[in-house]
Amino acid sequence: RALNGARLEASVRAYGGAGQSKVSNKWPSPYVLVCGVLLVVSLFEHFWRPLRWFAVAGAAAGLPPIVLRSVAALRRRTMDVNILMLIAVAGAIALKDYPEAGFIVFLFTIAEWLETRACGKATAGMSSLMSMAPQNAVLAETGQVVATQDVKINTVIAVKAGEVVPIDGVVVDGRSEVDESTLTGESFPVSKQADSQVWAGTLNIDGYIAVRTTAMADNSAVAKMARLVEEAQNSRSSTQRLIDTCAKYYTPAVIFMSAAVAVIPVCVKARNLRHWFELALVLLVSACPCALVLSTPVATFCALLRAARTGLLIKGGDVLESLASIKVAAFDKTGTITRGEFSVEEFQTVGERVSKQQLIYWVSSIESRSSHPMASALVGYAQSNSVEPKSENVAEFQIYPGEGIYGEIDGEGVYVGNKRILARASCQTVPDIVEHMKGVTIGYVACNKELIGVFSLSDSCRTGSAEAIKELRSLGIKSVMLTGDSTAAATHAQNQAGEHTS
């Protein structure tokens, strides 16, 4: 009510609701169109003098919203751009320059419509973030279709091939490839099986999966992302705060200077007073601060929204502006600089404790519980060797970030990971064959404080990584690669990404 009393045309709506159409109208409001039509007619006054009055009618058609907002501003004891425009129109009419008055009203109202439309498109983009997740879900036990808002945590829902995951959860049955590009920007499908995390808004590509929900619909990853962008929109950047502060003093200063331009020549008895009065009106119109005040929040919000839709979450305008001063950019290696699609080059046993087939079975079964990109390569390698991983036979599964994983299978505790996992497994012996293995990433398998196997994998640089790093370098930004892999793997990725990475 208070906002509407200030003629700000506020309304309460949900994203994607009916209120959306009001801010994203394809055409200007009728009074703007009428103003424009009458103004065009007035341009033919050279053929028939009375047509000049159509400009006055056009100005009158577009003035009511400006007058109402000016009155509201005066009631709040503030000076805003609407008052500037009203004074300029009154001055043009006083000079009997009616087309000028009409043009002032028409151009100002058109500018307002364009700004409102830009904001509407940005807000519509926020609605598209929320619409990434479907509104209904299918219960796995009964097949009943229910609204996602009614689905409780720990409910098992069914997601068929080609359907979008409606709620965040963990896969409890089935196996599939899931396209997560809408949420993370990752262009390659991610393999999902039991205990894999899936997120609302991602596309199940080629298999049936049953998902136990881990969050409510309004607390899903995509909902959090939308809220984060909304919070960022509501937060004001330092530039925006500075402009808002200046604008409070800017408008009265413009009115004062315009008055001075009009009054001082009268006081000094200058010639051609009409010329000075016209200059005062030009100053009023050209110094209008509306574009200055509105450009920063609209540009900031559009940038935040665009980043969010590509998987980049930026927490507010201040953070966005700070990007202009960064000196170092840090990138994860696997899946960021590189494609994250490994292939097994070699797989060997160490000693005679276990056969190669048995070792492949152990490693692939444990890795099937992991979401690391190299896990799918090991599982695929096992299947190509006629070994079927069984994740359900793995117990006490644990992840050690930057090192590897651990799991118990067939009564044995098995560690799989990079060289650092050997210290956790209390295994110090590294065979000489490792130095001669192909591939850039070396993996180790340990059991009962003994190294029982080694394998090597290779990964290629993601398309565009080298170009992106080179471009950052040209902007004076140093690129740093973060990885838990071996020095050889890091060096290989660095060489592929270019000489500007460290």
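Placement of Cβ uses the backbone N, Cα and C atoms for every residue, glycine included.
According to TrEMBL, the domain 'P-type ATPase A' annotation covers 141-230. Residue counts for the domain 'P-type ATPase A' (141-230) under DSSP, helix first, then strand, then coil, are 20 helix, 30 strand, 40 coil.
Through the fold, the transmembrane segment (31-48) approaches residues 54-55, 57-59, 61-62, 64-65, 98-99, 102-103, 105-106, 109-110, 113 of its own chain, all at least 6 residues removed from its boundaries and within a Cβ separation under 8 Å. Sequence annotations record features per position, and here TrEMBL assigns transmembrane segment to 31-48 (among others).
Sequence-distant contacts of the transmembrane segment (54-72), counting only residues of its own chain at least 6 positions beyond either end whose CB sits under 8 Å from a CB of the stretch, comprise 5-7, 31-32, 34-39, 41-42, 45, 80, 82-83, 85-86, 89, 93, 98-99, 101-102, 104-106, 108-109. Feature annotation from TrEMBL assigns transmembrane segment to 54-72 (among others).
The transmembrane segment annotation in TrEMBL covers 249-268 (among others). Sequence-distant neighbours of the transmembrane segment (249-268) (same chain, 6+ residues past either end, Cβ-Cβ under 8 Å): 79-81, 83-84, 87, 276-277, 279-281, 283-284, 287, 289.
Per TrEMBL, transmembrane segment is recorded for 280-305 (among others).
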Model confidence over the domain 'P-type ATPase A' (141-230), averaged pLDDT:
85
